[in-house]
Amino acid sequence: MQNAQILFPVNVPGAFDYAVPIGMELSVGDFVYAPIGKQMKLGVVIGLGTAEVGRELKAIAERKATRPLSPDMVKFVLWTAKYNVASPGQVLRMVIRSYKALDPSPIVNHYLPTGETLRQLTSSRRAVLREGGPFPARASEIASRAGVSAGVVKGLVKIGAMQELAMPVDAPFPVPDPEHPGMALTQGQEDAAKELAAQVKMGGFSVSLLDGVTGSGKTEVYFEAVAEALRQGGQVLVLVPEIALTQAGLERFAKRFGAEPAAWHSAIGDAPRRRVWREVAQGRAKLVVGARSALYLPFADLKLIVVDEEHDTSYKQEEGVIYNARDMSVVRAKLSGHAVVLASATPSLESLHNARSGRFAHIVLPERPGAAVLPEIGLVDLKETPAEKGDFLSAPLIDAIREGLSRGEQSMLYLNRRGYAPLIICRSCGEKLKSPDTDSWLVEHRASGRAMCHLTGFSMRMPTQCPKCKADDSLTAVGPGVERVAEEAARHFPEAKIEIFSSDTAGNPAAIKDRMDRMARGEIDILVGTQMVVKGHNFLNLTFVGVVDGDLALAGGDPRAGERTYQTLVQVAGRAGRAKKAGHALIQTHQPEHEALLALAAGDRELFIGVELAMREMLGLPPFGKLAAIIIWGPDRAKTEALAKKMVSLAPRTDGVEILGPSEPPVGRLRGQYRRRLFIQAESTVNLSRYMAVWRQKIRPPAKYKVQIDIDPQSFM
DNA sequence: AGCACGCCGACT
DNA sequence: GTCGGCGTGCTC
């Protein structure tokens, strides 16, 4: 009697055993329907066997006639679950985002002009014939293009001017052409491109770290690896940070490969989602550009994954199944035996360490083609040259902007804080305005006249009196946000065109592009922005970047703070004078002696990496040791604390594992829940996932209390 | 993820 | 006195 292990895309601890009916042929990866409880559910075969289970099993009802998941994909799902201490069903849920996508694309009528020349047509009919084609389209689509009703299209079929074709709703994606001429490469880029392409050509698992400063042509170089994989008839996945998934980004691919790639992100609509999923599963979508979740698409024949901006924190999924798409990409490539390219101007320390130790091939692109060099970076010691009282821009920053303006050049002020002021305080009673169910401060947004919580999205009209002591006009803005910095800049430079760029003001992708275009055309003199400005724009006339608060990311207990600061500042500084002139950057700081800032000012990346790696090694932090976190959530402060302490007391005793905490995270309350956090630091020889799984099983949190495990935590907020 | 079982407020 | 609210538990 044959049985099968079926994994359902639901949050249960593991797979269930079923009997395989006589005559049913099954393989690992097959989709099947099987009875579970009172319902019939779709699942995936993850194992087959003949061993007696010792109890009566229900039988599989039906094998679904659809392309099975590849056995590699099944392994990848299970591996993801095990490593991240999640249930495999929950991971499968990420793969099967839509059940309908498993069925073939529905067939509907499409319409195309026959080319028949007819006289005496109404204007509506002429419009339809003009707008129809060159490809067959749905009647409604042609009708809306022509500004008429769909009936007109069908009417034209009757008189033979249009033909009706039964076609799948999902149009196939255009096939990218690897031989489509791309941009000319410099010798250095050519060499790097050849090396990457050779890795792909050779086949088998490999990881390459493509390391090149802003403007070194990284994208063009990895395009050659993409081309090689396409030449072999395989599929390619390019992961990009969520924010980089713009029309402009997709157009770069279109330019190189003559066809726009299939795009994937979490907010994609239902119909396009099904289309991409189906075409990917059938192996017909050859080139997919997507955000992190695209890694869980069921590729039929994946040959290459590129992780662009591999250091970007948005690769970490922080909800549901907590995983890091960059790390999981390497796992997926290993399981399927293909190449991965990790690309970045500021690679993560983990990747640099892997490159240094020879686990990754390290391909360093020569600096920018042509004469341009990285901008000069200086530090402004705020202890010596503070800003005017109540202001945030010191004299050196203001002077630099003035100089730029006098030469007709652009400046950028960088501050990673949205809104007007990060804190609203009452001058008469000292009350700090907080979000109702959080400990986080409300941020004043003067442009919209509101007080907002950036964590929960809570927002209210900016009060005119203190909610506690009822004093009128006593609420004061404390600290700078981009709006306030822009206001200050406007005071200094009343004639300058100043714009704010943050997620509040950005708007939709089109509005973002518009603003970036205006910046590129020189229509903005001073751009004040949060980290949103940091992503890959080329501003020819930008020659100065002022970092308003270089200390921002240095504070707090985040062991990655130094790295983050360095990455951000390098990228921000890289905006300055990217093409023609060597621009300059100034960083305001209270800690000019901080190693990260000194290395930055010296323009010495190797020094920075060396210092930082040495510090990590000394502290046993990644990449030299392992790190995990446990977040305990609950509605009652004391009980949450008690549960956290109980977790600590239940921790399995093992050598090489140290438990830190419980501590209160920076935001102790979130969404009305109290939170406590533990950090688990382990030596590299410890199987930390298994340790965490064993530990997790020892406790059953009471109702409404949650224990969340985060392997390799990135966020310390 | 569903679906059922189970213990507390507004209805014929 | 019931109908039903959704909170918790189980599914091979």
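The backbone N, Cα and C atoms fix where each Cβ goes, and this holds for glycine too.
Automatic prediction, not curation, is the source of TrEMBL annotations.
Annotated features in TrEMBL:
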type	residues	note
DOMAIN	A:209-365	domain 'Helicase ATP-binding'
BINDING	A:Cys426, A:Cys429, A:Cys466, A:Cys469	Zn(2+) 1 binding site
BINDING	A:Cys453	Zn(2+) 2 binding site
Binding-site residues listed as A:Cys426, A:Cys453, A:Cys466, A:Cys469, least Cβ neighbours within 10 Å: A:Cys469
A:Cys453 (Zn(2+) 2 binding site) versus A:Cys469 (Zn(2+) 1 binding site) - Cα distance in angstrom: 21
Between the residue listed as 'Zn(2+) 2 binding site' and A:Cys466 (Zn(2+) 1 binding site), the C-alpha gap once rounded to whole angstrom: 17
Coarse DSSP state, helix versus strand versus coil, of A:Cys426 (Zn(2+) 1 binding site): strand
Additional residues around Zn(2+) 1, ordered along the sequence, whose Cβ is within 8 Å of the centroid of A:Cys426, A:Cys429, A:Cys466, A:Cys469: A:Arg427, A:Ser428, A:Gly430, A:Glu431, A:Pro467, A:Lys468, A:Lys470, A:Ala471, A:Ser474, A:Leu475
A:Cys429 (Zn(2+) 1 binding site), number of other Cβ atoms within 10 Å: 12
Assigned element (helix, strand, coil) containing A:Cys469 (Zn(2+) 1 binding site), judged by DSSP: coil
